[in-house]
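A.B. asks: Here it is, the structure, as structure tokens.
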Amino acid sequence: MGLPLMMERSSNNNNVELSRVAVSDTHGEDSPYFAGWKAYDENPYDESHNPSGVIQMGLAENQVSFDLLETYLEKKNPEGSMWGSKGAPGFRENALFQDYHGLKTFRQAMASFMEQIRGGKARFDPDRIVLTAGATAANELLTFILADPNDALLVPTPYYPGFDRDLRWRTGVKIVPIHCDSSNHFQITPEALESAYQTARDANIRVRGVLITNPSNPLGATVQKKVLEDLLDFCVRKNIHLVSDEIYSGSVFHASEFTSVAEIVENIDDVSVKERVHIVYSLSKDLGLPGFRVGTIYSYNDNVVRTARRMSSFTLVSSQTQHMLASMLSDEEFTEKYIRINRERLRRRYDTIVEGLKKAGIECLKGNAGLFCWMNLGFLLEKKTKDGELQLWDVILKELNLNISPGSSCHCSEVGWFRVCFANMSENTLEIALKRIHEFMDRRRRF
């Protein structure tokens with residue numbers, strides 16, 4: 001069935017029609033989150049050529065361990081590994097059609113890597129892995145499978161601004177926020193869950209699931225095991241799904257501080273409970289490979305796996321990419337070294353920015369994971385409102401030339417919080433960013 005058509009607003013009545021999806025404003029790209037990216041693109045910082053330019057601190061990209069990947073590829077001769085087998089047979093193997101849901105060798109390697117990240121505390125069946133072109137595609141595909149247009153997913157705030165696009169735009173599904181606050185470090189409570197569910201019911205919106213990020217983006221903190229258990233109990237009582245986006249699971253500074261929902265499921269025998277749980281993963285954050293566009297859906301539900309395989313034809317990963325990464329992820333000596341060093345480098349980088357901000361008189365939420373910190377500038381707001389927050393964000397963007405993400409773009413229930421990324425730049429660039437913040441705070445104190 002085709003999409004219903006409507007006229008695009010224009011003074012020209014003869015304009016050709018576009019679909020409702022095309023002219024919808026649910027793409028989310030009018031958010032300050034994306035406006036900051038545009039400001040960076042127009043005036044990017046460069047240490048030599050544009051030292052006064054905008055420093056991009058709104059992009060959660062992991063560049064701190066790229067040297068490890070480059071060294072591995074140089075030593076392992078990627079020409080052979082990326083083609084599977086060498087020469088003409090390898091080329092033929094890549095050039096012809098493959099299983100839409102992913103090459104078996106790569107799914108096996110991905111399953112092993114996901115187990116390794118979790119310290120062997122959860123097992124993953126390669127036959128339950130469906131490959132997608134990144135986590136963005138995985139989350140959207142799952143939303144298509146779990147919900148109908150005008151249904152809703154409950155999502156705890158603050159949440160990743162891109163979810164407004166990924167979960168809503170093409171699917172027609174709504175996001176109903178689970179409002180969390182700083183009184184308990186923004187952890188999800190049973191009361192907040194029930195309140196969000198009731199809000200949806202009062203609006204005659206059918207709730208189809210809860211979607212969380214663990215570790216949280218933008219908080220940079222893991223979800224506690226008890227909270228995960230409460231979430232699953234809630235989903236069972238309401239007969240809805242639980243989606244856990246775990247794309248930062250390998251970026252927890254200390255592995256023991258992370259509990260995957262897979263560990264909870266591991267100890268459950270009841271199939272009717274297990275089959276409502278779905279995990280999203282990607283190599284974009286932990287391995288720092290967003291350009292490779294590799295994401296996965298892992299579901300304990302046979303029907304979801306079956307449908308995701310069918311839908312994955314719209315979001316394939318190239319065979320060449322799969323062959324190369326299968327070779328890399330199957331090298332356990334390399335992956336163990338990479339995970340260990342990457343965790344330590346991220347922890348040191350986090351400590352650098354948090355201590356630097358503290359010296360400037362700025363506090364952050366205590367974090368233990370991810371590529372960002374959650375910074376509290378509420379004390380600088382002239383007005384304790386969303387407009388007041390955006391005014392401060394505008395000053396930071398235009399006067400300090402720093403692009404950070406305001407909490408309102410993450411639907412935070414409290415004003416004055418900002419997400420600040422630290423892993424997509426050199427240590428020297430981070431020091432320059434901190435210097436700009438220190439100078440800004442000094443000026444504020446004088447006036």
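Glycine too: its Cβ is placed from the backbone N, Cα and C atoms.
Quantities reported herein were computed from a predicted structural model and do not represent experimental measurements.
If you look up Swiss-Prot, you'll see Glu61, Tyr100 marked as substrate binding site, on the strength of similarity to another entry. The feature N6-(pyridoxal phosphate)lysine is assigned by Swiss-Prot to Lys285.
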A.B. asks: How many other Cβ atoms are found within 10 Å of the Cβ atom of Glu61 (substrate binding site), counting all protein chains shown?
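C.D. replies: Other Cβ atoms within 10 Å of Glu61 (substrate binding site): 16.
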A.B. asks: Rounded to the nearest Å, what's the C-alpha distance separating Glu61 (substrate binding site) and the residue listed as 'N6-(pyridoxal phosphate)lysine'? Just drop the number here, would you?
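C.D. replies: About 6 Å separate the Cα atoms of these two residues.
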A.B. asks: Which number gives the other C-beta atoms within 10 angstroms of the C-beta of the residue listed as 'N6-(pyridoxal phosphate)lysine', all protein chains shown included?
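C.D. replies: There are 24 of them.
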